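In what follows, a structure is listed as structure tokens, so that the remarks can point back to it.
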Amino acid sequence: MFKLNGTVFMPSVLTLIGIPGLESVQFWIGIPFCAMYIIALFGNCLLLVIIKSERSLHDPMYLFLAMLGATDIALSTCILPKMLGIFWFHLPKIYFDACLFQMWLIHTFQCIESGILLAMALDRYVAICDPLRHATIFTHKLLTQIGVGVTLRAALLVAPCLILIKCRLKHYRTTVVSHSYCEHMAIVKLAAEDIRIHKIYGLFVAFTILGFDIIFITLSYIQIFLTVFSLPQKEARLKAFNTCIAHICVFLEFYLLAFFSFFTHRFGLHIPPYIHILLSNLYLLVPPLLNPIVYGVKTRQIRDRMSKIFYSKDPS
């Protein structure tokens, strides 16, 4: 690491300061964050065990839910250990390459989660609007292809962000990252060089993945609602609508937090940094925490299986 004209040339180590402006209370902030992580880890692991062990839950909807749970576990695990190291043990240093790798993992898992939510919306669309063809369309082969497809789409589209930083940005004004994890724009803004292409490519990835997914999810649910409200029996309408409630809740919490975090980093100049960083952290922690709770409460099959696990009586 060399200093040249007040800049740092190719830093080997970066410093994550956590939540700027709240350094004195970060220890206490870490406690609810850690509790959220433990609950999310337990809830998603329980969800995976229930879906794996119960053959009646090997339908596309539940297999997509298992993919979502595995992604949530990976996403929250990418940030929490290092974040708690900053908050509790004053370990802010991170190798530059390790920081880029964390950035790639975080944004890749975010994009995978978006792809899975789209697949779940399409599954509900076919199940409600064309139920007779659902079993022939959503085969296990197609589920595997969807899982591989959303993973490759995310990994390949996010990878150039890492490559552009590594190859184009050589001089940095500072090595201090005003964030609690390695976020793309937080790293890019450290550079002393032109970063327009990085901003443009970040917007391209966001609109290619999140924008594309949210448009098709919205169109799917518009068609679902039109079909549901055209059903003659009230009970049938309620049953069909109830199967979508959990997904709508997850869909709203994920995308509302995602777009707030994304646009705040680029255009929210008047928003205090600590509010933005706190909401960015919640964006990565709240969905993994709420998803198993929402689906556990709203899905009868999962709820019944949980009841058997926790309330089964001793046969003796």
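Glycine residues also receive a Cβ, built from the backbone N, Cα and C atoms like all the rest.
Taken from TrEMBL, the feature transmembrane segment covers 27-50 (among others).
Annotation source TrEMBL lists domain 'G-protein coupled receptors family 1 profile' at 43-295.
Residues 16-18, 26-27, 29-30, 33-34, 37, 40-41, 44-45, 47-48, 51-52, 102, 105-106, 109-110, 112-113, 116-117, 119-120, 123, 143, 147, 180-181, 250, 281, 284-285, 287-288, 291-292, 295, 301-302 of the same chain lie 6 or more positions beyond the ends of the transmembrane segment (62-89) yet place their CB under 8 Å from a CB of it. Sequence annotations record features per position, and here TrEMBL assigns transmembrane segment to 62-89 (among others).
The transmembrane segment annotation in TrEMBL covers 101-122 (among others).
Look at TrEMBL and you will find 142-165 (among others) tagged as transmembrane segment.
Within the chain carrying the transmembrane segment (200-228), a Cβ under 8 angstroms from the stretch's Cβ atoms is held by residues 107, 111, 114-115, 117-118, 121-122, 124-125, 128-129, 153-154, 157-158, 160-161, 164, 184-185, 188, 237, 240-241, 244, 248, 251, 255, 258-259, 262, 266, all 6 or more beyond its ends. Among the features that TrEMBL reports, transmembrane segment is placed at 200-228 (among others).
Among the features that TrEMBL reports, transmembrane segment is placed at 240-262 (among others). Same-chain residues lying 6+ beyond the ends of the transmembrane segment (240-262) with a Cβ under 8 Å from its Cβ atoms: 68, 110, 113-114, 117, 120-121, 124, 127-128, 206, 210, 214, 217, 221, 224, 227-228, 231, 276, 279-280, 282-283, 286-287, 290-291, 294-295, 297-299.
The transmembrane segment annotation in TrEMBL covers 274-297 (among others).
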Return the average pLDDT for the domain 'G-protein coupled receptors family 1 profile' (43-295) as a whole number.
88
